[in-house]
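Participant: The structure that follows is given in the form of structure tokens.
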Amino acid sequence: MIKSICSETSEASKIYEATDINEIGEVNKATNLNVVTVATEPINITEDIKSTNNPKNWPSRKKCLILFVLTITGMLVLTTSTVLLPALKELREEFDTSEVAVNSLVSVNSFFTGISSIAWAAYSDRFSRRRKVFLLSMILFIISTILCTLANRIWQLLILCAIQACGSSSSVSISAGIISDIYSPKDRGFAFGIFSLAPATLTGTAAGGFIIQYLNWRWLFYYLATRFNPFATLKLLGYPNFVLTAIYMSIVVSMITLQNISVSRNLSTRSYHLLPSSIGLLFIAPTLGCSLGSAIGGKYSDFVLQKARKNGVEIICPEVRIKSATPGALMVPCSYLIFGWLLIINFNIYVLMILWFFAVFGSYIIYSSLSPYLIDVCPGLSASAIALSYCMRLITAGVISIFGSLMEDFLGTGWYYTLIFVMCFLPTFFLVLVYFNGNRWKENFFKRNSYALH
């Protein structure tokens, strides 16, 4: 189905979703108006032409196999960012450096994963070279991971971890583009949820804890290694639908990093005095939260769309997906608040794990519900949209992780988690604004910027 957006017609208001921009800047010779031709894919409407060359029409078995491969490789990013968490204390002692310097390893990973993912995604969206980009980045990842084992200074490890992050970053952004290519909107939320549920947090922290306790931190990297204009899409930062949603997602999911660092330092001290291997195993709680939240959030997002159709809504705007983030938006801040104040009285560790689970579970309901929304409202820029939002999330996590421990020491653990509660709760109003204004903002943005984005 082909529709046209003209600068002097009201027909633009009828366009409610587009997934691929095929032609931009076409001039209507009869009216001399600038026209943007958009190939739209209305949600829940059967395609007019069935073609085996269209990836969305591939057999389910083939698409499931591709999704399985993407899910496994997607574990790389989370594994590289979490595997060092149980080792922070040991690294500080071996390199004889400050806690801030060691926490910078987490920050460096976040910064470079986010920034480089934009470049990988922009190239793949522009030139459709997803497979070549993916293979090149994996080679970079493996080489840098092996070199990490040779680091003798903290600055050497920081540099090599930055290069490693550049290599692993493509597994999220490129995979998001592939999911957008092969799944239609009615199934996209579920597919993205499955992709996000990889238990990388558990494999990273649990394996990391045992490796550190019984071997050495260098073995962490042995474990991992065996496993145009790239910034044109920064125009999306002027797109209210994208930027407000991505800011909210970045803040909420970044709080997981703060809690991970806080848990590691608190449970190794206080009255708990847990060993690294035990701390690593405790990450089973957020891992389950991540996996279940991703699967349920994506599927629930699709369910909300289907329900709107059954209720007789003729034009289904992508903003309907925002409703599916509501349970997570309520669950996350409350879980952090209760967790923090129970932690300071050395409460039962199993209760703390349950609260930890719900904080991450709610965060990934939000992430898996809103990520398909970003794909839906950024037609032809699916990989770039996810990469840019991922970059924002990781830069946010990187900045706050440097100062997280300092803030906790300054405020005290209870008030520190109260601050996290406020940071998670207040930005929910961004979603309210997008829900009521998103359709109008989308039309205005693509009228102004379709040329610049390609």
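Note: Cβ is positioned from N, Cα and C throughout, glycine not excepted.
OK, TrEMBL features for this one:
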type	residues	note
TRANSMEM	65-88	transmembrane segment
DOMAIN	66-454	domain 'Major facilitator superfamily (MFS) profile'
TRANSMEM	100-121	transmembrane segment
TRANSMEM	133-151	transmembrane segment
TRANSMEM	191-216	transmembrane segment
TRANSMEM	236-258	transmembrane segment
TRANSMEM	279-297	transmembrane segment
TRANSMEM	338-367	transmembrane segment
TRANSMEM	379-403	transmembrane segment
TRANSMEM	415-438	transmembrane segment
Participant: For the transmembrane segment (338-367), which partner among 133-151, 236-258, 379-403, 415-438 gives the most CB pairs under 8 Å?
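Facilitator: If we count Cβ pairs closer than 8 Å to the transmembrane segment (338-367), 236-258 scores highest.
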Participant: Please average pLDDT over the domain 'Major facilitator superfamily (MFS) profile' (66-454) for the predicted structure.
Facilitator: 80
Participant: At a C-beta cut-off of under 8 Å, are there same-chain residues at least 6 beyond the transmembrane segment (379-403) that contact it? List them, or none.
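Facilitator: Sequence-distant neighbours of the transmembrane segment (379-403): 17-21, 38, 40, 100, 103-104, 106-111, 113-115, 117-118, 120-122, 124-125, 130, 169, 172-174, 176-177, 179-181, 233-234, 236-237, 242, 245-247, 249-251, 253-254, 256-258, 261, 371, 446, 453-454.
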Participant: Counting only residues 6+ away from its ends, which parts of the chain sit with a Cβ under 8 Å from the transmembrane segment (415-438)?
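Facilitator: That would be 240-241, 244-245, 247-248, 251-252, 255, 258-259, 262, 317-319, 322-323, 325, 329, 332-334, 336-337, 339-341, 343, 377, 407-408.
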